[in-house]
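Enquirer: The following block contains the structure, expressed as structure tokens.
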């Protein structure tokens with residue numbers, strides 16, 4: 001594999017603009033090569049013309065002519081360039097590099113080194129910013145570890161006053177003062193200068209643990225329903241009592257903090273290594289093309305720059321490993337490193353095999369179902385339409401789920417193709433995220449199971465009109481639902497348990513909105529639930545059909561029950577109401593007006609759904625007009641929000657007119673087509689209100705088709721929504737999630753307030 005592809009593959013997606021522009025430099029080298037070839041060609045033509053003129057001159061004058069080559073035999077000067085340093089006007093800590101040619105050069109070579117200098121300055125500036133960030137974060141971890149150790153000692157020995165030196169087995173009284181001043185505990189993964197080490201050893205390490213605990217409180221963000229309710233009712237008591245439960249919670253949080261911090265350090269180390277390698281590769285290419293000995297001189301400058309000479313990251317990595325192994329894995333280095341360095345997920349061939357196998361089985365079962373219906377001429381009989389209207393809503397639930405999973409599988413494929421870091425955006429644990437092959441495998445497996453059950457229903461119910469019949473086939477859909485729910489809630493580590501737990505946790509956060517803090521996976525899932533209203537209503541139908549005994553008569557008369565109709569309204573509104581509550585929570589926490597407008601959008605949609613459902617049950621011209629008006633307003637608002645806010649498109653003054661400045665898909669027509677399709681599929685939502693005269697399709701079939709189109713629209717929306725989120729992260733170089741620290745230190749103002 002060529003280095004350019006390896007370099008691109010190893011990039012942190014959110015830092016892509018901070019890397020060396022390797023491809024851009026290669027393009028300039030191609031221009032240099034073309035210019036050199038053109039120059040050689042002109043030289044060869046001139047030499048040939050000169051030789052011909054000499055021959056012609058000798059033929060006329062008879063004089064001998066000795067040709068003298070004025071060009072040296074390919075000698076290359078040892079020093080071709082000189083790299084000067086100057087202070088950066090933005091920061092006195094940064095050095096700017098500028099290359100000057102000591103020998104004659106063409107404009108393309110000057111352009112190459114100008115761009116090379118720009119990349120070196122960019123890389124050094126970014127690297128310094130990130131190193132300063134990790135040093136600040138390491139200093140915070142210093143205090144967090146002090147508090148954790150103090151809490152551990154307090155829980156184990158609540159009546160003892162033990163200082164940090166005793167925790168580490170250091171007896172400073174038996175050590176000479178000049179030696180004690182150089183002792184630094186290994187609690188903190190932070191890099192100090194010599195003066196800072198002496199200051200830390202002389203002051204911070206001698207603090208009494210009780211004094212530390214007096215200046216510390218447990219962070220209690222409004223992340224759980226109980227803490228949210230306490231905060232809502234004004235309960236300001238946030239101090240976590242000193243207990244084993246509080247200690248365990250703090251340890252779990254710090255494990256996550258250390259793990260994320262370690263990943264950040266590793267990425268920063270890889271960033272340094274890959275950029276140094278890119279500079280080396282591009283300079284070797286330049287030497288080969290330009291025949292100038294400039295690589296050694298320039299690489300010496302690169303090696304002496306910050307990114308080539310800084311060792312802070314390596315020292316931080318070593319200290320994090322030592323600290324984590326000692327305090328979080330009981331000195332077991334293997335277990336500690338397993339937590340810090342999770343294994344990279346491998347693609348398994350059996351997943352691909354079974355995906356293909358289940359896909360083939362699904363196609364064969366579809367053919368079998370169609371053949372069964374046509375061979376018995378079910379649709380031509382009087383009871384055929386009634387039977388299909390009765391059975392399709394029960395199995396359409398699985399169709400919606402399968403289609404949604406297929407769309408999600410396609411999204412993952414294209415996110416990976418265009419390097420959208422969906423695992424970071426969703427917050428998946430490294431090594432546990434599902435790829436598109438795994439999602440496709442689950443969807444095709446469920447498809448096979450659903451079609452087998454549907455085919456069994458057809459086989460057993462062909463003579464269902466007879467008075468004597470068996471009710472066992474009627475419970476087949478219920479058995480299928482039971483199997484799916486058992487797999488979903490199965491506590492055993494089978495069938496992607498970590499992904500199921502992640503889904504159920506996000507689902508719980510959606511259901512309990514606004515009691516939980518709203519994260520992107522939560523509102524992303526809630527948005528998808530709004531596209532599964534018909535699936536949720538199918539679950540309600542299962543409860544009615546089997547709970548009220550309708551399956552015994554093999555007739556679906558749920559709409560004759562008043563309670564069912566009430567819940568028919570409620571179920572249609574629930575997904576939008578949950579999303580509305582999430583927007584209200586974010587509006588209260590973040591104080592951004594955009595969340596208020598988003599809440600208004602969902603309230604308008606709720607009104608439209610209620611009026612539409614009333615028209616569906618009661619009919620009437622007045623209800624139809626109200627449904628059309630409310631649905632039209634909701635559609636306009638939702639379509640505008642999809643395209644402008646969620647996708648970030650329709651920017652008139654962007655580099656790409658009516659799109660946005662940065663695009664991951666190279667073909668702009670894809671974005672315009674997506675906007676048109678989104679509008680069309682949004683309008684299709686009004687199909688049930690307009691009630692077009694479609695003779696070839698039953699109302700149930702029309703409803704099913706429109707619901708499937710909405711799922712397809714949601715899948716398309718998901719790709720561009722995450723693309724826009726990823727580009728926002730790229731613009732802010734946000735590549736790591738922020739994990740809250742378990743302890744908060746009182747500053748002087750906080751202490752004064754506490755005393756008051």
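Glycine is no exception: its Cβ is also placed from the backbone N, Cα and C atoms.
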Enquirer: Pick from 544-561, 562-579, 580-597, 652-669: which range has transmembrane segment per TrEMBL?
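Expert: The listed stretch tagged transmembrane segment in TrEMBL is 562-579.
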Enquirer: From the ranges 96-123, 124-151, 152-179, grab the one TrEMBL calls coiled coil.
Expert: 124-151
Enquirer: Can you say which of 315-338, 507-530, 627-650 is given as transmembrane segment in TrEMBL?
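Expert: From TrEMBL, the annotated transmembrane segment range turns out to be 627-650.
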Enquirer: Could you check whether the transmembrane segment (351-371) packs against the transmembrane segment (439-460) - three or more CB pairs closer than 8 Å, residues at least 6 apart in sequence?
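Expert: Contact between the transmembrane segment (439-460) and the transmembrane segment (351-371): present, because at least 3 Cβ pairs are under 8 Å.
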Enquirer: Go through 439-460, 475-496, 562-579, 599-615, 627-650 and flag the stretch with the largest number of C-beta pairs under 8 Å relative to the transmembrane segment (670-690).
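Expert: Answer is 627-650, with the largest number of Cβ pairs below 8 Å.
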Enquirer: Roughly where does the domain 'EXS' (559-753) sit in mean pLDDT, to the nearest integer?
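Expert: Computed over the domain 'EXS' (559-753), the mean pLDDT is 85 on the 0 to 100 scale.
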Enquirer: Report, as numbers and ranges, every residue of the chain located at least six residues beyond the transmembrane segment (562-579) whose Cβ falls under 8 Å of a Cβ in that stretch; write 'none' if there are none.
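Expert: For the transmembrane segment (562-579), the sequence-distant neighbours (Cβ-Cβ under 8 Å, at least 6 residues beyond its ends) are 510-511, 513, 523, 526-527, 529-530, 532-533, 536-537, 540, 544, 602, 605-606, 609-610, 613-614, 617.
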